[in-house]
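*Asks:* Mind looking over this structure? Questions follow.
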Number of protein chains: 4
Amino acid sequence: MSLNSFGHLFRVTTWGESHGPALGATVDGCPPGVDVDVAQLQGWLDRRKPGQNKYTTQRREADEVEILSGVFEGKTTGTPVQMMIRNTDQRSKDYGDIAEKFRPGHADITYWQKYGIRDYRGGGRSSARETAARVAAGGLARAALDKLAPGIEIRGYMTQVGPHGIDRASFDEAQIDQNPFWCPDAGAAAQWADYLDGLRKSGNSVGAICEVVARGVPAGLGAPIYGKLDTDLAAAMMSINAVKGVEIGEGMNAACLTGEDNADEIFLGNDGAPVYSSNHAGGILGGISTGQDLVVRFAVKPTSSILKTRQTITRRGEATEIVTKGRHDPCVGIRAVPVGEAMMALVVLDHLLLHRGQIGDGGGRIG
Amino acid sequence: MSLNSFGHLFRVTTWGESHGPALGATVDGCPPGVDVDVAQLQGWLDRRKPGQNKYTTQRREADEVEILSGVFEGKTTGTPVQMMIRNTDQRSKDYGDIAEKFRPGHADITYWQKYGIRDYRGGGRSSARETAARVAAGGLARAALDKLAPGIEIRGYMTQVGPHGIDRASFDEAQIDQNPFWCPDAGAAAQWADYLDGLRKSGNSVGAICEVVARGVPAGLGAPIYGKLDTDLAAAMMSINAVKGVEIGEGMNAACLTGEDNADEIFLGNDGAPVYSSNHAGGILGGISTGQDLVVRFAVKPTSSILKTRQTITRRGEATEIVTKGRHDPCVGIRAVPVGEAMMALVVLDHLLLHRGQIGDGGGRIG
Amino acid sequence: MSLNSFGHLFRVTTWGESHGPALGATVDGCPPGVDVDVAQLQGWLDRRKPGQNKYTTQRREADEVEILSGVFEGKTTGTPVQMMIRNTDQRSKDYGDIAEKFRPGHADITYWQKYGIRDYRGGGRSSARETAARVAAGGLARAALDKLAPGIEIRGYMTQVGPHGIDRASFDEAQIDQNPFWCPDAGAAAQWADYLDGLRKSGNSVGAICEVVARGVPAGLGAPIYGKLDTDLAAAMMSINAVKGVEIGEGMNAACLTGEDNADEIFLGNDGAPVYSSNHAGGILGGISTGQDLVVRFAVKPTSSILKTRQTITRRGEATEIVTKGRHDPCVGIRAVPVGEAMMALVVLDHLLLHRGQIGDGGGRIG
Amino acid sequence: MSLNSFGHLFRVTTWGESHGPALGATVDGCPPGVDVDVAQLQGWLDRRKPGQNKYTTQRREADEVEILSGVFEGKTTGTPVQMMIRNTDQRSKDYGDIAEKFRPGHADITYWQKYGIRDYRGGGRSSARETAARVAAGGLARAALDKLAPGIEIRGYMTQVGPHGIDRASFDEAQIDQNPFWCPDAGAAAQWADYLDGLRKSGNSVGAICEVVARGVPAGLGAPIYGKLDTDLAAAMMSINAVKGVEIGEGMNAACLTGEDNADEIFLGNDGAPVYSSNHAGGILGGISTGQDLVVRFAVKPTSSILKTRQTITRRGEATEIVTKGRHDPCVGIRAVPVGEAMMALVVLDHLLLHRGQIGDGGGRIG
């Protein structure tokens, strides 16, 4: 069972542990002839890289991606693309204390219960380091989208840190790259900086909400019933470490709306294509894209490795206390933004390929 | 691509349209020797059946399940189980008006854009009728769980209708079956009855939130990274018609918590197994079950077939208005409760089988 | 695990037992807009139907196919197609003797050892009846090919019965439908008739070799390394009951050839496309179609249900003798011909869809 | 679509080109706690390694395997195992002549037609070098079998080179490792040496037949209908480069047998388990193992890269001649023996895990 794989036709298998020699992504099913610019791939990885500011873990990793197969003379060949990232900063001594103790809120205990193996060097496979491989695969997916469906834009940002949400009225896309939080609201960014400084100093952490939007996605991607676009997006986002909730369009708030309010009314655009009065649906109806923006949100729980003392037990069954020293993220949600973008790119490309396979150039026209 | 299939080892493919001759579920991978009691299966279907009270669609369907294969002398044989439900009430004239018009908020338009086929007899494949097949498959999964992991209980209920949520302090499991809303809070149930009466009379509809809990699930089910238990639960719930958000444990609220607050502290129980001070995690850490209750919530948007007039277009590209007459659900979320339970059963059984395959009787012990 | 499924994008799951109420095929991934003519589907099934002459089992089955979903107004809708065939002639008393005894050479014993369930009514799932569902699915695949790649012809025939092979010099395609053996050599057909009469009277059975050819398959279908066209064809044919060997092109005889002899030399055709001096490769190089005829052969072992006395044991572990009375095939290979054709259609269509998904209109041109 | 993957639960994806930086195998689904001895893995690779004698290609490759993930302190962790082999001898100049010309009988032309990419450095993905990754994965599978089902032995050997077959009466397993051909018949080995010397000197090549036997495989592995053990074995062997035919037990010869002759009669062994009078079935009935030896044969066509002049065309559509200089195998079948063993190990382990998942400790007993 490819339990470490994601995608139907553009199939990504990530591998590697946080403190092993390397990690990476094996991508099977990438169309041939896609231009692969390693510098561009590296650019995506650099956005996720730890240690770039005081709000993310101070672990230093070059996160340099090496392409081992599937690319020849700068183009994909249609065979598997292997992308490897060597781990360089493997100071596992930082984790010595947790070889025996289980961190509350962490996968330590469940990995032990499942596998009977304790990779005490770090989170092992459950570490956020795994997401570097996703970003590499997502970068390849973006390159493939550029060839197959030029004009698709994928953009992620944070909308909430702890109790502090952005003000949608102050949304300014240009702000996103201007602060360490991918925050589209300058006021919120300032507030978050203060808030996170306090948390960081006290050795605590906090959760966050990320939103990812894909623009320019053609209508018709997705498929009933279990290969729905929203099903795959939900799986994609929920598979990211520490994510506890996923929303499409109105999300959980859909519960509060009446049918009258929720209906995105349909009109004819100047080009004869349908336009909608609103996007409560988040760009998906019946599991299939409408052509509107795809809008996905997900909540990331706070990092469980904190300096606060918590009660726990050891592998031997002894009650004890734990304080996790080391280099951790006060708000791991920050680094989840590029990961969410990568997952969006994977899902959109995958469904584009599925659509080509089953439908080809067909599909219904309006008018 | 099995886009209409769900599950890894216990693989369910649903088929059938709302107004075709029949619908059903093809289940591949059911272990042999499971006792199949057709009356019990029928009992699960009856809970989801439409037309049982004034808060759900008045379409009358017997929803009688016929087992065509895979069961011999009351036991599964290990070969595919085919469960068929004939459609009996196919009054498609109710839908005549929508053969040309697209209902805002409905899959009409995206199915057309994708497939170029308009199954104007009803929602076709996108109808909530498809979920009858899921409930049949879920019933079989429960029977398999009874054999393989006796003691697992799966229970769903509604926690919110429109803006009206339950009072957790008044939670009384015994109430769930005492009202038409699977509502665990008698006070909320009364409030919902009034609220929905008003909506129904005005031809409007509203969204809802359902919660499904699985008790007695052993620790160790699930797998990194894309076969996580929460990933599969998110996909399972998001695949249900009209669902727009999925939460595990704290869900979207995890964004508001600090690491200190979110940590479910670990203690030793009397039997030496770990016990937790709380369950913010919803029973899942690192994608693997902790042994605590699995807690999943999902939001269902309001039915899009309403008597309110909305702006839309026709297949020919003409601007028009639409009012959908017919027999519809003022709150389709009500019937989603048994469906959510079914999906929970499918996911838990599937991961139990996966665990047996990869791990056998192994796994780590504590103490 | 979809162990009863076949195909990547055009995914067929067969279900049903030889003496249960019905059997059928669930097809997921059929492109929309394919014309489905039930009479034509029925025509394919009629070719495989038992009881048509004295050389096949005398069981009488109408093998009438009913389409339960996925087709609307004569066209596929893109949603799962369910095709059901009711079993009508279920005289299970014929099998009374084998409820306890294992037939040598039959799946009786392994099904028991695996599942602990004895479906003594007949072969259950291991019966050749299952292949009716494949032929139905194959008929749908042919219809889809007619739409997507018109001009592909798939033709099967027998080349050997027991020790008697056809004379390739006397190959006459027009003969295939003129005898009960799908034999392209009139002389061999006469010889087989005599030979099988003798075997039938003595209660014995014999093996056979079938060959299936697909003409007009475009170059470029297939994919390295495990999704090769020949890999999937080998799996397809080996999955047919009683098949013990599969060959592509030269097949086992490739061992005897030198590289010089085996090389199919390449020339330019009048239209600029490559033409080959020979087809040792059977139309496949590196797992990808060359545009030449696809040529597959498979050997079918003799039916194990025979009137000859053989030594065996019972389920209780007693030594005994067995003679299998009932209605059986003296040469089950005869009915395997339409099944082999169906499997060829499934594989070719599946790879056509895969190619569209990954490659679209791309691929390299010569010249 | 994981077209470069093999296996259901023990899932192997191979990646890499013959003249790229590296190749390897990503293995997902390996049970935890398997002892991994890198020296032992290397031992399997060394058996397949080119350049070991004058009968295989003179390319020199260390074929040193590096484990990048999934193994910690000498044991598998249950997470993906990445095994990488760096290419060291990449003298692509040897291939300069074939950048434009298509080798008859080679995948050059079909890869071009499919992907529009010519990896002229060597066979690229279609090279036999890919099989090194399979042998590494097979070595891991053997280690897992040692833990889960100790006592299974897998042994491959050659039974035919060109027209020269072994004498089964002279079969001596001890001989297999005593000659460069994995030949169990000393007389045949001597004959093959002479025969291949002649071919090599003349720049020609020849085909071969390999047989792989697995002993000690428990009864009950496999599953109807498309997940049959023989279906998967046929796919496994046909997926090896240059294989054109696959046989189980009697194979193609099953066509010649009568039902009476083909029936492997069943008796009771001293331990109450069934014993068989013969093994025409090759250890598989109805797609499920009988407990007898699994016997698989496959034919490997002659290498297409030869010094003989053949007619061909160029990518530009010009008629020309080709003579392939370079370092090639006069009989690539020799190196296919360890690859066939590896594939057998993958299939047996995979079905063992599937059986555990679906059946657990169940299954029927005799007596």
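Glycine residues also receive a Cβ, built from the backbone N, Cα and C atoms like all the rest.
TrEMBL annotations: computationally assigned, not manually curated.
So TrEMBL says this about it:
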type	residues	note
BINDING	C:Arg48, C:Lys54	NADP(+) binding site
BINDING	C:Arg125, C:Ser126, C:Ser127, C:Asn241, C:Ala242, C:Gly286, C:Lys301, C:Pro302, C:Thr303, C:Ser304, C:Ser305, C:Arg327	FMN binding site
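Tell me about the surroundings of these features in the structure.
*Replies:* A 10 Å cutoff on Cβ-Cβ distances gives C:Arg48 (NADP(+) binding site) a total of 24 other Cβ atoms nearby, all chains included.
Secondary structure at C:Ser305 (FMN binding site), taken from DSSP and collapsed to helix, strand or coil, is coil.
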*Asks:* Could you measure between C:Arg48 (NADP(+) binding site) and C:Arg125 (FMN binding site) for me? Cα positions, answer in whole angstrom.
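*Replies:* Pair distance, Cα basis, whole Å: 18 Å.
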*Asks:* Round to the nearest Å and give the CA-to-CA distance linking C:Lys54 (NADP(+) binding site) with C:Ala242 (FMN binding site).
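*Replies:* A Cα-Cα distance of 20 Å.
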*Asks:* Under 8 Å Cβ-Cβ to chain D, which of the binding-site residues C:Arg48, C:Lys54, C:Lys301?
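*Replies:* Sorted by position along the sequence, the hits are C:Lys301.
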*Asks:* Counting only other Cβ atoms and using a 10 Å cut-off, which of the binding-site residues C:Lys54, C:Lys301 scores lowest?
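*Replies:* Fewest other Cβ atoms within 10 Å, among the binding-site residues C:Lys54, C:Lys301, is found for C:Lys54.
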*Asks:* Tell me the Cβ contacts of C:Ser127 (FMN binding site) under 8 Å, same chain only and six or more apart in sequence, or just say none.
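*Replies:* In sequence order, the residues whose Cβ lies under 8 Å from that of C:Ser127 (FMN binding site) (at least 6 apart) are C:Glu17, C:Ser18, C:Asn241.
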*Asks:* Below 8 Å between Cβ atoms and chain B: which of C:Lys54, C:Arg125, C:Lys301 make it? I'm asking about the binding-site residues.
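*Replies:* Filtering C:Lys54, C:Arg125, C:Lys301 for a Cβ under 8 Å from chain B leaves C:Arg125.
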*Asks:* Return the count of C-beta atoms lying within 10 angstroms of the C-beta of C:Ser305 (FMN binding site), excluding that atom itself.
*Replies:* 27
*Asks:* In the three-state scheme derived from DSSP, which category covers C:Arg125 (FMN binding site)?
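*Replies:* Reduced to three states, the DSSP call for C:Arg125 (FMN binding site) is helix.
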*Asks:* Would you count the other C-beta atoms found within 10 angstroms of the C-beta of C:Ala242 (FMN binding site) for me?
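*Replies:* The answer is 25 other Cβ atoms.
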*Asks:* Return the residues near C:Thr303 (FMN binding site), defined as same-chain residues 6+ apart in sequence whose C-beta is under 8 angstroms from its C-beta, sorted by sequence, else 'none'.
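*Replies:* C:Thr303 (FMN binding site) has long-range Cβ partners C:Ser205, C:Ala242, C:His328, C:Asp329, C:Pro330, C:Cys331, C:Val332.
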*Asks:* Quick one: give me the count of other CB atoms within 10 A of the CB of C:Arg125 (FMN binding site).
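*Replies:* Around the Cβ of C:Arg125 (FMN binding site), 30 other Cβ atoms lie within 10 Å.
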